[in-house]
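Participant: Below is one structure. I have some questions about it.
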Amino acid sequence: APALLAGMLMLGGGDLAEGYPLLLVAICLTGLLQILLAFFKTGRYAIFLPVTVVEAMLAAIGLIIIIKQIPALMGAVLPPTASMLASIAELPGVVLQAEWSVFFIGAISLFLMFYLNKSKYDWMRKVPPPLVVTILGVLLASLFALEAKYLITMPENVLDGITMPAFGEVLSRPELWWGVLVVVITLTLIDGIESLATIKAVDKIDPFQRKSDPNVTLRTMGISNALSSVFGGLTIIPGGIKSRTNIDAGGRTLWANFYNAMFLLIFLFIAAEAIAMVPLAAIASILIYVGWKLCEFKVFTKTYAIGREQILIFIITVIAILATDLLVGILVGIAAEVLVLVYLLTPSFRFVLTGRLSFKRSCCLLWTNLKGLFSTPIIKVKEQERNGIPHYEMTLSSLVCFNLLPLDKLLSSLPPKEGVTLVISESGRIIDHTAMEYLHQFQEECVRDGRIFELVGVDNFVQFTGHALSTRMQDTIIIKEKVQQTERERVMEGLADQYNLSFQPAEKSTLNEQDFVYLRRGADKEESNIMSGEAVGCNVRLFDYSHTAAPDYYSKHWHTIMTSRCLDGSSENMPDMVITPGYYLERYLIEYDEVELSHNNDFSAKYHCYGKDGADLQSFISPELIEFLVKNEGFYLEMRKGVMLAFRKDRGLENADEISQLFSLAEIFNNCCLNNKLGKK
């Protein structure tokens, strides 16, 4: 939606109504281009754009939306402007021309959008905030008797209001061709990147663990977009929120999309008059909130945490997009990524000035490093057998976003169950942020599919920051400074010593080896302050876990989590089950059925149990465990593949005393498993 809005404004010279039919032409051409790209199986290519450039593009779109919607929010009627710089320059005039009754509606609506979305009370989010704002806007608009120019304009006959693509106008006006080309390429890039990211996220939460084909998705989008534009519609892409809602509601097939479309059509035909009563200020508040979520300060701090070179590329891309357009800005961002990588790989020019390196040699190194960014990273591939199963060992050089395609094609061509070892050789100089994300995603896929995967040599590279997926270099010039230990690390290290466990403070990407339901959720999943080893009769692993989740994808959620497995193997007999405080995460437990237990009324009032295939959970949940959970409220327990995961949902990072309760819980878990094993004998 943000890119479409920007496209309308650009093609229409700042006039949305004039730009809409021109945008439909661009959407139709985008659909045809997507069909062509799907035919050549290019669906996977978009994911190898620099990750930071993509996020900067989204942030810039957010800023564009905010700046363009401020006049509507304040009720200022200004002539449309074609460029962002002109729009920014006109903002002082917006205040002078503001209609204060309209601004009052806009301000109240904007406040509610932020307040309701941030509220900690579930009952305040039962009704979607945009719907609340829209209804309130209608009431206030009626109270203030706003003029029609401040309301949404709807045709008397909905069918007469359908706008057709202006193919003739585009063909007759060569000055529009560049703008249309920019919009087509931008929409193709955004749709490709967003749709591929969405289907990857939806695949992770699909209860049937089905895997989407990116080329089928691209082809389907192309056909849908071409047909949609012919009838006056906008682009159609997979939606993460809609997919999540469909899964939560029990949807399993594409029929869920069909029903969604039917209800939208019904609402359009029977409630057109109600739509015409909505003030533009209320809509502007919703759009400004959407724009803010794309460019809020946390977006910048998250990028800075990944690396200073990433925030540099990010800011350059954002400024370039605001100063020019989306396509030029993206190209500038890609060029900035290339220059930063070449700079990092090339010796300092002072080596030339001090005579340590000749100018000719310096130029040769510069060219070699530039060429190396686009050369295949694969040095050799060795096929061998491990325990009778084919295993491939690949030796690699530097890995960056621009040379990942050969590696991805090779990995995709291998049989899905055969093992893979990737060895980053000493000749490799750098692994950039995008490459680290790619390696982590491939590792996650291998864990999910039960495939053997090893990554060797990464530890020889120095991370730019503590972020698990930051850029890394192998260079003797780089001196890794000793990081000052935080208070949290000192506490966790002391606890590790107390329980005779090993301790590792560094951040790592979380791999969900047991396929825990809880760890499937969210993105940017990382663990730190990891203690592991044998304690209380179990093989335990305790760590600080963080992740992001909708709708605040730049806000981290923290918990201290423990996983434990009985040393004597008795936990292998435990059935998969989940014990939740209240109905916590119930919508994610699609593969489980709720089980009624007769242990304890207090327990039944505070917790719910879920099992699979009619498993008898009664015999596995001991009175000791029941007593502990009733006394210590809020624990979430999940048993899967003989391993227990436990944490408290209403706590963030646990203190030392609270962590001791996790060890007590692990000990009780061990006793449950042991007693059940003895009972069976």
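Quick reminder: no glycine exception, Cβ is built from N, Cα and C everywhere.
TrEMBL annotations: computationally assigned, not manually curated.
Given the structure is predicted, the values throughout are model-derived calculations rather than measurements.
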Participant: Under TrEMBL, the annotation transmembrane segment belongs to which of these stretches: 220-241, 418-439, 660-681?
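Facilitator: It is 220-241 that TrEMBL annotates as transmembrane segment.
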Participant: For the transmembrane segment (311-344) and the transmembrane segment (94-115), check the count of CB pairs under 8 Å (sequence separation 6 or more) and say whether it reaches 3 or more.
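Facilitator: As far as Cβ distances go (cut-off 8 Å, pairs 6 or more apart), the transmembrane segment (311-344) and the transmembrane segment (94-115) do not touch.
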Participant: Could you tell me what the rest of the chain brings near the transmembrane segment (127-146), counting residues at least six beyond its ends with Cβ under 8 Å?
Facilitator: 101-102, 104-105, 108-109, 112-113, 116-117, 274, 277-279, 281-283, 285-286
Participant: Is the transmembrane segment (47-74) packed against any residues at least 6 beyond its ends, judged by a Cβ distance under 8 Å, and which are they?
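Facilitator: For the transmembrane segment (47-74), the sequence-distant neighbours (Cβ-Cβ under 8 Å, at least 6 residues beyond its ends) are 2-3, 5-6, 9, 84, 87-88, 90-91, 94-95, 98-99, 102-103, 106-107, 110, 189-190, 193, 196-197, 280-281, 283-285, 287-288, 290-296, 299-300, 303, 306, 310, 313-318, 321-322, 326, 329-330, 333-334, 336-337, 401-402, 404-405, 408, 432-434, 437-438.
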Participant: Please identify the stretch among 20-40, 94-115, 261-290 with the greatest number of Cβ pairs below 8 Å relative to the transmembrane segment (220-241).
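Facilitator: Answer is 20-40, with the largest number of Cβ pairs below 8 Å.
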Participant: Could you tell me the mean pLDDT the prediction assigns to the domain 'SLC26A/SulP transporter' (18-317)?
Facilitator: 82
